[in-house]
Amino acid sequence: MFSLMYGFWKYMFSKTEFHVLILGIDKAGKTTLLEKLKELYLNLEGLPPDRIVPTVGLNIGRIEVGNAKLVFWDLGGQPGLRSIWEKYYEEAHAVIYVVDANAPARFEDSKSALEKVLRHQDLQGAPLLILANKQDLASAVSAEEVARYLDLKKLDERLYMFEAVSGFDGRGIKGSVDWLVDAMERSKRSEMLRSRTPAA
Ligand SMILES: Nc1nc2c(ncn2[C@@H]2O[C@H](COP(=O)(O)OP(=O)(O)OP(=O)(O)O)[C@@H](O)[C@H]2O)c(=O)[nH]1
Ligand SMILES: [Mg+2]
């Protein structure tokens, strides 16, 4: 009887944990975005942008949205650090790919790094949220334009969305996180990862 009630209690009150990888080339704004997420969802003051340095290791952030616990993994995007990304693929439920929408000169690098991410077997079926970041700058291009530049093929099977955001003023972030949570809850990949986790 106790175990039945405990099982029911767990079903009702336990939250599903999702791992979200934040990727993108160097200076795209990944860590600034992570600090903004903490500020928006935890009411904590995030690190001010001028205190954020290029990432070499891993930054972790945790937030809760509705019934979901999100764990963000933010990695460094410098060319020599990108080979580390794949070590996190197997455990990731979804990917946020950040693009500096104010730096067209770097779109090509951003596109080829993303194509490599999407080709990797270990990330099969992971929902993809592509953020056209730095929208607070007047010269930043729109999410539609970023989508045109990236010109991604073979996305049909994958849940994906492009969104215009700013890690400085926070615009677009909550809406895209809502989309991501919904996508992860619906995704077959989450089901697959769940079935691999031994029951507690
Ligand atoms: N205007 C503007 N600048 C931003 C925004 N987000 C980040 N930046 C600036 O862009 C630069 C890079 O930001 P980071 O957050 O360190 O970028 P990153 O993607 O984490 O870089 P790596 O850790 O090297 O991969 C910094 O000078 C930030 O202040 C934004 O939304 N708007
Ligand atoms: Mg960083």
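Just so you know, glycine gets a Cβ as well, placed from its N, Cα and C.
No curator has checked TrEMBL annotations; they are predicted automatically.
The annotation in TrEMBL ties GLY24, ILE25, ASP26, LYS27, ALA28, GLY29, LYS30, THR31, ASN133, LYS134, GLN135, ASP136 to GTP, and of the candidates under consideration, GLY77, GLY175, the one tied to the same site is GLY77.
Close to THR55 (Mg(2+) binding site), meaning Cα to Cα within 10 A, are the following binding-site residues out of GLY24, ASP26, ALA28, LYS30, GLY77, ASP136: ASP26, LYS30, GLY77. Listed binding-site residues: ASP26, ASP136; maximum Cβ neighbour count within 10 Å falls on ASP26.
In this structure, none of the binding-site residues ASP26, LYS134, ASP136 sits close to ligand 2 with a C-beta under 6 angstroms from any of its atoms. DSSP assigns ALA28 (GTP binding site) to coil in the three-state reduction, outside any helix or strand.
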